[in-house]
Amino acid sequence: MEVYLAQPRGFCAGVVRAIEIVERALEKFGPPVYVRHEIVHNKYVVESLKNKGAIFVEELSEVPPKAVTVFSAHGVARSVEEEAAARDLPVLNATCPLVTKVHNQGKRYITKGRTLILIGHAGHPEVEGTMGQVPAPVLLVQSVEEVNALTLPADTPVAYITQTTLSVDDTRDIISALQARFTDIQGPDIRDICYATQNRQSAVRDLSKLVDVILVVGAANSSNSNRLREIGTEAGVASYLIADGSELNPEWLKDARTVGVTAGASAPEVLVDDVIEAMRRIGPVKVQVLPGREENIEFRLPAELAAS
């Protein structure tokens, strides 16, 4: 069986930074370190950090006084930041810098007097954080139909921002609908999109031209991993999302001569290796890494940890 590995795949710079923040905090301050929400959406990563002394909570009320606290890569609402400050909790902010950039874009648009529209998935932690960071009501849209259902007058000055785990391709139709709907509209430069989201989706599109089956390594609650699976399916290739090798169903590969493997931005390479090993237990496997866009982006750590 020929196995093609998509490039790039797996961890993005924001995820690497977030995990390193927790690990360095544990080294510097000692366990426990409290993390609000899953640091990234991957059970393996979360369990690994738990084993090192991290404690994951959903609300700050679960954090003891004076305990070192980390905000997840998805970002948090201002109310969460204010609660942490009121309790005098020592906070390390692992919010992805590209998410913070979206927060700042939204604030600038509000300052200009524009009604803000967020393109994203309801209930996603990043969306909740972004809506809670902007000091004004935000309209959330997830589809062209929801754009058409907006009751704002056509001449309302509006601006849009997008969830970072959505690519240019994911948002293109919604943005076009917004531009057709409103006469005075602004949005971020296309260069401001999350590089990792776009690169991984483009790699899956390339992969889909070569293989009979696509396996996406990632968590069920990972937005970007689910989207990679959808892209494979949309390209007409049988595509499956799996957390690790234990979830591999041999039936998926029964008639496949070529299999493509990729991983969401929060999935570590060790899980890709685990899936390949599971395939080897089914039959002989020859692995080839496809050429793709090289990523050399690194994000700086918080000052409190940079020198540790």
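All positions are counted from 1 along the displayed chain.
Using the three backbone atoms N, Cα and C, a Cβ is placed for every residue, glycine included.
Positions annotated as active site, proton donor by Swiss-Prot, on the basis of sequence analysis: E126. The [4Fe-4S] cluster binding site feature in Swiss-Prot is assigned to C12, C96, C194; the stated evidence is sequence analysis. Summarising the annotation, Swiss-Prot assigns dimethylallyl diphosphate binding site to H41, H74, H124, S222, S223, N224, S266. Under the heading (2E)-4-hydroxy-3-methylbut-2-enyl diphosphate binding site, Swiss-Prot lists H41, H74, H124, T164, S222, S223, N224, S266, citing sequence analysis as support. Per Swiss-Prot, the feature isopentenyl diphosphate binding site maps to H41, H74, H124, S222, S223, N224, S266.
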Whole-number Å value for how far H74 (dimethylallyl diphosphate binding site) lies from the residue listed as 'active site, proton donor' (Cα to Cα):
5
Take the C-alpha atoms of C194 ([4Fe-4S] cluster binding site) and T164 ((2E)-4-hydroxy-3-methylbut-2-enyl diphosphate binding site) and report the distance between them in angstrom, rounded.
6
Shell list ([4Fe-4S] cluster; ref centroid = CB of C12, C96, C194; cutoff 8 A):
A13, G14, V15, A73, L98, V99, T164, T165, Y195, A196, T197, A265
Using the Cβ center of H41, H74, H124, S222, S223, N224, S266 as the dimethylallyl diphosphate site position, which other residues in that chain lie within 8 Å, going by their Cβ?
V40, P125, E126, T165, A219, N221, S225, G264, A265
Just to be sure I understand the packing, how many Cβ atoms besides its own are within 10 Å of the Cβ of E126 (active site, proton donor)?
25
Using C-alpha positions only, work out which of the binding-site residues C12, C96, T164 is nearest to N224 (dimethylallyl diphosphate binding site).
T164
For the (2E)-4-hydroxy-3-methylbut-2-enyl diphosphate site made of H41, H74, H124, T164, S222, S223, N224, S266, how many Å separate the two farthest Cα atoms?
15
Take the C-alpha atoms of C12 ([4Fe-4S] cluster binding site) and H124 (dimethylallyl diphosphate binding site) and report the distance between them in angstrom, rounded.
18
Nonlocal residues around T164 ((2E)-4-hydroxy-3-methylbut-2-enyl diphosphate binding site), in sequence order (Cβ under 8 Å, 6 or more apart):
C96, L98, V99, V102, E126, I193, C194, T197
Residue, out of the binding-site residues S222, S223, N224, S266, whose Cβ gathers the largest set of other Cβ atoms within 10 Å:
S266
What's the most sparsely packed of the binding-site residues H41, H74, H124, counting other C-beta atoms within 10 A?
H124
Using a 10 Å cut-off, grab the number of neighbouring Cβ atoms around the Cβ of C194 ([4Fe-4S] cluster binding site), all chains included.
25
